[in-house]
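S.K.: My questions all concern the structure below.
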Amino acid sequence: MNKILFYFFFFLTLILSATVYLFGGPMMLFFINYKTDLLKVDDVYNHEIYSNQSAAIPKIIHQTWKTNEIPEKWVGAQKSCIDLHPDYEYVLWTDESMREFIATDYPWFLTQYDSYPYNIERADVVRYFILYKYGGIYLDLDVGCNRTLDPLLHYPAWVRRTSPSGISNNVMGFAKGHPFLLQVVRNLPRFAFNYHFPYLTVMYSTGPLFLSIIWSAWRKLPDAEAWHHIWVMVPELYEKSHHAFFEIYEGSSWHDSDAGFVFYMLHHWAIFTFLGFLTFFIVVYFIFGYALKPAARVSRTGRRVFSSPFSKTSPSRWKIFHRFTSSNEKYDQTRSDSLPFMSDYDLESQTQSHSP
């Protein structure tokens, strides 16, 4: 029986360690307090606050598609944004122009850009580079406009909250050269993994979950958060409200069947956790229960098979971001100019033969 318990706790530790290693970052998103991050209706429509201030975000709307001919179902959404913003520059980036942009301005990333298995990953990453290079507002093609976006231009960085937790990358506004986006593009090569399911691969490597992980780490930087706050738009400003800036049309098509299963698991995580432990115990019992004889007690040192995933030396990619950060506020303040997100990394990276 002692040996059965040993194997049980051994495999339990293995599973828990692997779970924390792979999903520790996303799990922590459920515990984020958004209170200080929210961009509310009263904030945006209080014209007295910003009547004498210049816009932080340039008047540019960016969208991406394979070619210049977008699907008919999104023409109305595109037209609504163009018609409401005659004084804005509108840019539709195609697959060809996106790759040319990366090859010309960020050649150090071109190999990684070409290696992504899904086109949506390239569409994800290029929006980060575009907003960093030019600034402006990025909108997915299924996002239409209900009203002028001028009030949002006074906020140097804003995104929208997504469900069940974290932020989305389908609607974003950033000032040119925003340091948060610099951290985003620097971390892209470190999150480039294939999770064998299209939805998970996209979400973790380039999509909203990846962006949320970087944002979560960014919020913990005293200097970065104080100087370059990222505002999170409340749902009332996004859709289904008379205050909403946007209207969502028929959605994108890259979500495969695994997406629905992932969302179902997220909404019923407690049940799946219980069933997982129950199944694991039953399997271990039937594999070892009748075959093993009572064994001597396992020493405590023999049970430490894996190092803690919370260790500072852990290779977990959810913690890789912290090599650029410090938790000491005084230390950060004395070296703010030399922090990676304050350095001119673009010029530096183009002279290097390897990814950052």
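The first residue you see is number 1, and the count goes up from there.
Backbone N, Cα and C define each Cβ position, glycine as well.
Per Swiss-Prot, transmembrane segment is recorded for 4-24, 197-217, 269-289, and the stated evidence type is sequence analysis. Per Swiss-Prot, the feature N-linked glycosylation site maps to Asn52, Asn146. Look at Swiss-Prot and you will find Ser307, Ser353, Ser355 tagged as phosphoserine.
Could you place the listed features in the three-dimensional structure?
M.R.: Using a 10 Å radius centred on the Cβ of Asn146 (N-linked glycosylation site) and all shown protein chains, the other Cβ atoms total 16. When secondary structure is read from DSSP and collapsed to three states, Asn146 (N-linked glycosylation site) falls in the coil class.
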